[in-house]
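Please read the structure below before turning to the comments.
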Amino acid sequence: MDKTINQKAWFLVLPVFAVVAFSAILPLMTVVNYSMQDTFGNNQFFWNGVGWFKELLDPSTDLGGRFLASLGRNLLFSAIILAIEVPLGIVVALSMPREGWTVAVCLVILALPLLIPWNVVGTIWQIFGRPDIGLLGYTLNTLGIDYNYVSNEFDAWATVIVMDVWHWTSLVALLCYAGLKSIPDAYYQAAQIDGASRWAVFKAIQLPKMNRVLLIAVLLRFMDSFMIYTEPFVVTGGGPGNSTTFVSIELVKIALGQFDLGKAAALSLVYNLIILIVCWVFYTVMTNAGVERPAKKGGA
Amino acid sequence: MARIDLVDLAHSYGGNAAPPESFALKPVTMTWRQGGAYALLGPSGCGKTTLLNLISGIVTPSRGKILFDGADITPLSTQKRNIAQVFQFPVIYDTMTVGQNLAFPLKNRGVPKAEVDARVKQIADLLDLTPYLGRKATRLTADAKQKISLGRGLVRSDVAAVLFDEPLTVIDPELKWQLRSKLKALHRELDLTMIYVTHDQTEALTFADTVVVMHDGRVVQSGTPAELFDKPAHTFVGYFIGSPGMNIVPAAVSGHEARVDGHTIGLHRNYGVLPAGTKIEIGVRPEFLHVAAPASGLLSAMIERIDDLGRARFARVRVGDEKFSARMPPGFSVPDNMVGLVFDPAHVHVYADSRLVEGVA
Amino acid sequence: MSVTLEHVTRTVDGIPTIRDVSLTLERGTLSVLLGPTLSGKTSIMRLLAGLDKPASGRVLVDDKDVTGADVRQRSVAMVYQQFINYPSLTVYENIASPLRVQGRPREEIDRRVQEAAKLLRLEPFLKRTPLQLSGGQQQRTAIARALVKGADLVLLDEPLANLDYKLREELRAELPRIFEASGAIFVYATTEPSEALLLGGDTVCMWQGEVLQAGNTSKVYRQPDTLRVAQVFSDPPLNIVGIEKKNGQVAYAGGIQAPATGLYASLADGPYRVGFRAHQLEVANGIAGRHAFHATVTVTEITGSESFVHLNRDASNWVAVLQGVHEYEPGHVLDAVLDPNNVFVFDAADRLVAAPGRA
């Protein structure tokens, strides 16, 4: 069929352009603008070219050192929580009932942590872990384990990680459960008849069928954990020292604590870029995984 | 490879306390011999899938026992029953090649590699899958995938039975008869006890040497295809097997005679006096009933329509309120709408409450 | 009223799906579109309904050009292979729905729904919803809805394909009666020759987007113009063998000589192809005047009333049909005999030159 060319259609998308320009493009341009300049307050700006970007990538400078250290912490954090949450989520999903009223109960329990806002999660754990009044902190110390997330780096990390695992494993589990539910009964019956062990069933049927949802889970959890801010800020405030200062916390410190708009702008652009690249890599991997699937035969 | 005995086997999804009429499978006792090809045939909801699931162990019977070679296996799990099953839709292990898929049931049981390879090769050859052995199974067509499922069902030589649950559902009609003949050839080649569940009479009659016809949770007849055609044990078998199905009409029967619409039809056997209060019917297949010019001594009927099947013509006729399908001899033309019906006495059967009555010769 | 396709062509993605089809359908007739999958049956129906526009050619209704007219302005009803009903409405409301759209008065709707329900034996089910019905009843509901609409053109696209064979058998027997009672133009697409035969009426034989032959069903079946028509109108597939006639003898491909009796007698010398349907090949031996072939059984298919014996003879596959249940072991060698009076003979250009019962 012939397409009708009608330029009037452009007017219809104009409002969207206006909103996007106002809410995204203009602020982004402002950030780009700031990232090229230096300021000493009083709205006085000096041209600094790509100076901030050079510093950011140079570990010998203060800015570069802080950025690269926090970036390293971020990557370590993401790696740890992925390594815990993905297998744990799979195990939870596998051990969930497949039918009956218990399904609904399990789903509600799993969904609960997801419904709690970030800062509330942080506050819960902050109090929960306090050695003086928190149930967890008090119990651990009573048992003779010297636990204090305010003074001990390891304890601070452990707290933040356990908190994230508590908060987000449900998401992975729910996604995996959806993947598992889509496997027809016949597959399990066939595997039983073929004499497959529990492990073989997992490897040959469940894991391949969960492939796609797992990729989505990994992507979501990576992105989220890479941008983590609220929970560690509420619990540890980035401490002790700088041990739980992630890129986002560093960014806020520079921008709002020191009011170094230029440095902060440069940092946020680089931060943004990293996230975009990671997204692109994931997207590519996922679409390629999609191509592997054969074209379904029509009819039947 | 086993003889299978069903002993007073019955099942109700509502539990043992449910009224007997509501049982999905009403009590059945029968023996299936080692190496036989059996088909469970019936319309949807007749209980054939329930019976299959009882044998495979997916469902535990409310009552009765299942014996494999005399050993009671009723309490055993699916895994321990030593059976193989092919499902309606292809079940393929996505990450494996075709060869690995076929080898899977053997490897799980620790069969030595050389033996696995030899058996996989034999099955692949029989199913024409050899060129695909190294390929990933996911990328094949539905037909090929179902062949892999069939292959996995047949790859073990030590199974008590291979169960097929409507395995040709996803197969293109043009390929169906090829696979049907393949299955038959495989049965001859492999000496396995095979049980095939289907609602398609052609599949059942072509595949099996014994067809078990089920209706409303009951086994109504178990016999060879010829027996089902020549001597249906139940009016349902007469109706369900054959196209068009058997003519079944109410009649009064005594001795060597049946009376329909005031007309007497001679019978081959003597039925004596049948018990009062039962529903008496006679059944005759359209192949054994033909139309002729009206004449005295013939049951006269009115032609409603003539179905020209190309190779044969069948007349749909009416006698009073009863309808018959009758063969039209080649070249026969109807002067007006009235014809006479000629019965072949050897093929007129008598049914009491839908069950065949054996007369005395 | 009549509907005419005039030199209609349709192309999809550069591939012709309909090639120069001309066809006229008259009121009160039933036309069966017979052909294998993808032969253009559905495309023809969509053109008739006005769902698609032809690339070239015209569509006429009562000699008026409606080629570009919208489907909503045409009086068309359609029944599909899938059972399409409104799942939340009762059978009554399903059947009534086209009349409600037309804004008919309540009494008229009730009368026409009851009529259609009676015709299709749906009266006991009017208060149920489609999902509480069997497949056959669901499809009858869809057919009733198509009929009640009072459309001039009713299109049925393989309506029985998804039904169990017993239900198919029952509906097939009822359809001709329903068609006769309605008086619209019926077009019925099927892949099954036996369905075309049972429905009677006219048959339009299709192959790769072309109309090969159209006419009275029995005539197309018994006098196929070409080898291809005979093949399309044959299930199981048509058996074919090449012959050479010379000096009053016919030599079958694969080495059998026989006197040129029967239909062979009047042929000029030269090569021909002989086609015969499964029932024209008999399994027997020693019948005088018949031509006998040694053939090997590959499989016997038993449908209940009949047995189809698949044979292999000189590298070609044949099928013979026998009444009742007969089982031959694969590998069994038997005599298949052909009556020289009961074959179709096609010339080198695959045109029919001799057929049983033809003057």
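Heads up, the Cβ atoms here are built off N, Cα and C, so glycines get one too.
Residues annotated as domain 'ABC transmembrane type-1' in TrEMBL: A:71-282.
Residues 47-50, 52-53, 261-262, 264-266, 268-269 of the same chain sit 6 or more residues outside the transmembrane segment (A:12-36) yet have a Cβ under 8 Å from a Cβ within it. Feature annotation from TrEMBL assigns transmembrane segment to A:12-36 (among others).
According to TrEMBL, the transmembrane segment annotation covers A:75-94 (among others).
Feature annotation from TrEMBL assigns transmembrane segment to A:101-128 (among others). When Cβ-Cβ distances below 8 Å are used as the criterion, the transmembrane segment (A:101-128) is approached by residues 92, 134-137, 159, 162-163, 166-168, 170-171, 173-174, 177, 230-235 of the same chain, each at least six residues removed from its ends.
The transmembrane segment annotation in TrEMBL covers A:156-180 (among others). Taking Cβ pairs closer than 8 Å, the transmembrane segment (A:156-180) reaches residues 77, 80-81, 84-86, 88-90, 92-94, 96, 98, 107, 110-114, 116, 121-122, 125, 129, 149-150, 206, 209-214, 216-217, 220-221, 224-225, 228, 231-232, 235-236, 239-240, 243-244 in its own chain, all 6 or more past its ends.
Taken from TrEMBL, the feature transmembrane segment covers A:213-230 (among others).
Sequence annotations record features per position, and here TrEMBL assigns transmembrane segment to A:269-291 (among others).
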Which residues of the same chain, at least 6 past either end of the transmembrane segment (A:269-291), have a Cβ under 8 Å from a Cβ in it?
31-32, 35, 53, 56, 67, 71, 211-212, 215-216, 218-219, 222-223, 226-227, 247-248, 251
